[in-house]
Every structure is written in C-alpha cells, then in structure tokens.
Amino acid sequence: KVAIKGIERELICPACKELFTHPLILPCQHNVCHKCVKEILFAFEDSFADGGSESSNQSSPRIRISASSMDRIDRINRSGRKRNSLTPRSTLFPCPGCQRDIDLGERGINGLFRNFTLETIVERYRQAARAAIAIMCDFCKPPPQESTKSCMDCSASYCNECFKIHHPWGTVKAQHEYVGPTTNFRPKILMCPEHEMERVNMYCEICRRPVCHLCKLGGGHANHRVTTMSTAYKTLKEKLSKDIEYLISKESQVKAHITQLDLLLKETECNSERAKQEASQSFEKLYHVLEEKKSAALRAIETSKNIRLEKLRTQVEEYQGLLENNGLVGYAQEVLKETDPSCFVQTAKQLHVRIQKATESLKSFRPAAETTFEDFVVDTAKQEDILGDLSFHSNGLEIPEINEEQSRMYNKALICWECPGKTDSADIYVLEYHKLNREDESVTWQKTEVCGKSKVLSDLDDDSSYAFRVRGYKGSICSPWSREVILRTPPAPVFSFLFDDKCGYNNEHLQLNPRRTSVESRAGFPLLLGSERLQVGCYTTLDYIIGDTGIAKGKHFWAFHVEAYSYLVKVGVVPSNKIQKLFHNTHDVTSPRYEQDSGHDSGSEDAFFDSSQPCTLVTLGMKKFFIPATPAAPKDPASRIFPLPSCLGICLDCDRGRVGFYDAGRMKCLYECEVDCSGIMYPAFALMGSAAVHLEEAVTAKYREYHDNI
C-alpha cells in the first residue's frame, strides 16, 4: 500500500488550505472544494455589484475582478450616464490554483464535474488518519452502536441489527450495494452535468472531459472529436502507468539529486556567512560614515540567502515528491487504483501532464539557485567624502530606458521600459514618479517595486503632468536612474463606451468588429451603385455611427485611432434630440462651392451650412486634421491643416458647454469650441470611402493568459 501521509499536499484545496470536500474539476484542470467555489463566486458577485471594491471582500479566500468586468462596472456606475443596453453578466471564476480567470460557461458551477476519484483518495486518507475512530450507526437509538457496513444506495451506515431492519429480505432495498463502514458515498454512475438524466459514455479529446451522447449530437461538443470511454480509459491508464514506472525506476537518480541539493544548501549557508563577514570587515574600516550602509548590505545578503535557500528547499521537496510512496508519485499510484473508467479519466489527464513535467525536469536537472555571493563584495578603496552617496552601482547592470511609445496615459497609466542590450539582468525594478507642480519647491518621489518591465498606476490626477524614472536592482546592487520622462494624464476622467450597432447603424456600408470597438467603411460595390445615380457637383452622404452610452453631466474624455489610409472621417458629439436628424440629414457632405471654379464662395452660405448641421464634428482624412472654418480661425486654409496624430481624443465638458479635440499622445488641445449640452450627449463618428476608426482600449492590470499546452 502507498503511504497515505506522503501525498497529503496533493489532497489540500488551494482555496481553504484544508482537505478537499466534494471537489469540483475546473476547466483549467485544478480541483476546488464545492463550498469554496460557491464562496468565491458569491464574493466575486458582491465585488462586481459594489463596483469592484477591494475592501468589500477581505474575508474571501482570493477575489479578483476581471478587467472586462471592471470596465463594465465603470461604464454603468459612473454618474450622469444612461445606457442603451448592458453587456451580459460575467461568468468568470478566479481560480485559486493557477491565479487565472476561468470561464465556467453559461451553466456556471452546475456545469462542473465532481472529482469522485480524488474524493475517494481523500476519504482513504481521513480513515488512515483516524483509524482508531469508529464510524457509528446512523439509525441506532442513543447510544449508537458501531457500524458494520454502509449502503451505497442509501448513503448511510448501519450496524447489523439496523441493516436487517431497513433492508428486509424480499424487498427492493435488499438488493442495495453495501460496503464496509465509510463516510464517502458516491453515485454508481457518473451523470452528465448538462443533461442530468444521461450518463457519460464518451470522452471529448478537444475539451478533455467526459460527455454524453446528447452533448455529441446537438450540444457544445457536436463538432468535436470524441472517443469511447473504454478507449480513453485504456490509453490514459497505459500512459500514466508507463510514466510512473519510469519515475520509480529512476529513484536512485532522484536520491542522488536530493543529496546534491543538501550539499548545495550547506555550501550556500557557508558562502553567505563568508560574504557577510567580508562585508562587515569592509564597512568597519569606515564605521562612522558607513554604519547605515553596512546594515543595509547585511540585510540584502540575508534576503538573497533566504530566497536561494527557499528555492533550493522547494526543489528538494519537488524531488522528494518523485520518490515512491511520496507526493506526486504516491498520489498517482492511488489514482491507478480507480477502476471506474469515467472517474479515472477525469483525474488521469491532468495528473499525466504533471507526471510528464516531472519527467522532463528529471532529465534536465539544474539547481534552482546559485551558491556564490560574489555580487556582495564591497569596494572600500574609494575616498570617505564620496561614501555618503554610495549606492553600490554595478557595471554589470544596464541602465533601463522608459519606452515612451509603449507607455500610455489613459484611464490608468501604463509605464513600460526596456534595457538597451535587451537583457534582463536585474532581479527587480523600482519605478519612481511625482507630480510636476510649480508651487512645490520640494519633490517627493512615490516608489513602487516591479518584477517585470511594465507597471500600471491608477492613483494619478487628471489633467496633470508626471515625471517618471526607473532603476534596476540585483540583490543590493542597483543601476543608475534612467532618464526622466514627463507624461501628461487626460484632461478629464476616461469615458468608456462601445459603438452602437442598433441606432442608425448601416451594416451595408459599415462593418463592426465582434467587440464593437472598431468600425470600418469600405468603398465597395454598394457605394459604386449609389454614385451611379448622382450628377456632377453632388457627393454621397456620410455613414454615421454613435456610441452606445450617453453623457448627461460632468467632464469626460475618450480617445481613438484613425487609420492612415482613411479618406474622410468626422468625429465629435451629437445631442440625443438630434440623433434622428443626424441619420436622416439630407445635406451633402461636400459642396461644390469650395471648388476654385464653382463661384460659390460666399461666407453667408458657409454660415448657413454650418448652422444646419445637427452635431459638432471636425474633419479628418488623408493623414490630415482640419480645423473648422470659423470667424476666429485663420483665413488661410493651409494654416488650418495639421498632420493627423496617431491617437486623437475628445474632451466634453457638459457643465461649461465646451468640447475640445486633442492629440491624445501628447494630451495637447488642437481645437475647442462651444456645444449645446441641453440633452444627453453621445460620441458621434462619420465615415466615407475607405476609412476605419478604433476606440482606445482601457488600461487594465495584465494577467497571464491561459495557454493549453496539451
């Protein structure tokens, strides 16, 4: 028999850190207690309803609101807005095992399989732990007697007398299946969670889960490749058995690696002590100047030692789990005892992947940490007058540079940096920033530590300039500060919306992407047919599209990109009471009066044309930005034309009745005018010919995407 105690850490729920109770298998192949799944989902929904408040879920095991949910909450809860429609409710589940957001599908928790194999192994572990504690009869009058058997059909335990009473001869109950005393009752047949009256009899090779014949005929697995349950059972069991036999045959190699790791632990201890002694002797020579620096260096060495020791100990534990009757191998041996094909297939696939990874790590063994502490040698040859500014700069660490093209300032700030040599020699980076304020003479830098090469900041003020700098650290050694970069935040809170695919949307001329964040106008056959009916001096009208969310009050900002090939695009705002007029406007987009030979160049006609428009728009196209012809604008047309910025922004101030058009890359206002904000205002766009507009995506905290490598 496998030593049950050796596999205990395989039987712990990642959420509650206790033994599994009715574990469910998530789509990512991790197991979580049924109760924990419900608690996390409830806490997730509460956080969703509260607008993603971090303080409202302190008691939950691990709560994280997805970026898409946060964007939806921001759009709905922001004051002064009315929506035409709401996005569907999120079904994401934050898995505590892999730290990823997992889609549970439309059925949610009801679509998850219960891992009966793991449940049986946990029950065997519990029985081994409480061997001296008997299971009592559920039907005896006090005091209850010790049970002698358990009925799998009744899900209850009985003593001999009670079993005879409740299972009399000649009745249906007499045919029930009974086993030895147990508290683990599971159904005889594994049923499909989507079709509750159907048993699973096939295995989907695409989704890697058992399915019933209805799932294959007309369900979500209709076009998937499936195999019989017996074939999947045989195939997985053969693969798992071979891999386990291989690991057991390499037990001597595993023990050799553990011995080597033990020596590395001792060597690391000795070298760290030697490094601390050398650092102490160096700092003692200049004690009065370097007292604070000395303690910092010792702490850095101790921290580095602990990190390395922790990595090596973790590696030792991982290899301990590869020994027979221990950890992963022991758990796998217990799984092999499962005889039910459906239950075995549930557990074997994910376990087989872990066994394969353990096999690969065994073939390419490398210590998890270095044992040398050469980076902690202190140079005391410098003069005492410069030791006060000693920062332990290393020539081996490159100075990072902030990438202004990849950095973004929108609803949040995304700051990205890179090293000139494209190497990642630093263990950690420190990003510092401060708000530029002419009134404050003293500068207070705010600091944050980052493991990667980007950081999302959410505590910046609107319409403000900030200075950023970054440096790299490797232990206590750091690089010099990077060049300071100044970036400006948007002039107002960011307004989130999508293109409206219902109100006035012309699907013959315009094409939306599935997420409704991009719209494209194609100068194709329909436009050619429309032009056939037109005469000289008349042009086709624009195709309009608006946002699905309106603004009633306050100051708001949104940004977008216009493709460089776009022939003609107009952007701006439209009030709700003029939307119908916008989509039924009969005026031509372009008038021949602007042609040099037309003779129509009167200013009164310009004024009439501008006043007749139902919305406030500016014109873009052919890589140019055109300032509207107003009395305050320059008379020379060439002075009203600017190069088209890579990213454009619009700032609407309903309280002041002003709208501004910005170069969103530099947050510089290009043009501002008055606008009537008496109604609810909607973002408006118009396209003609070949053109495309893409809404700027909100900056969100980045999570690693889930990649299936099977």
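Heads up, residue numbers simply count up from 1 along the chain you see.
The backbone N, Cα and C atoms fix where each Cβ goes, glycine too.
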- line: Among 62-89, 258-285, 594-621, TrEMBL lists coiled coil at 258-285
Integer average pLDDT (0 to 100) for the coiled coil (258-285): 84
Field: Residue distribution over DSSP helix, strand and coil in the domain 'Fibronectin type-III' (399-492)
entry: 0 helix, 43 strand, 51 coil
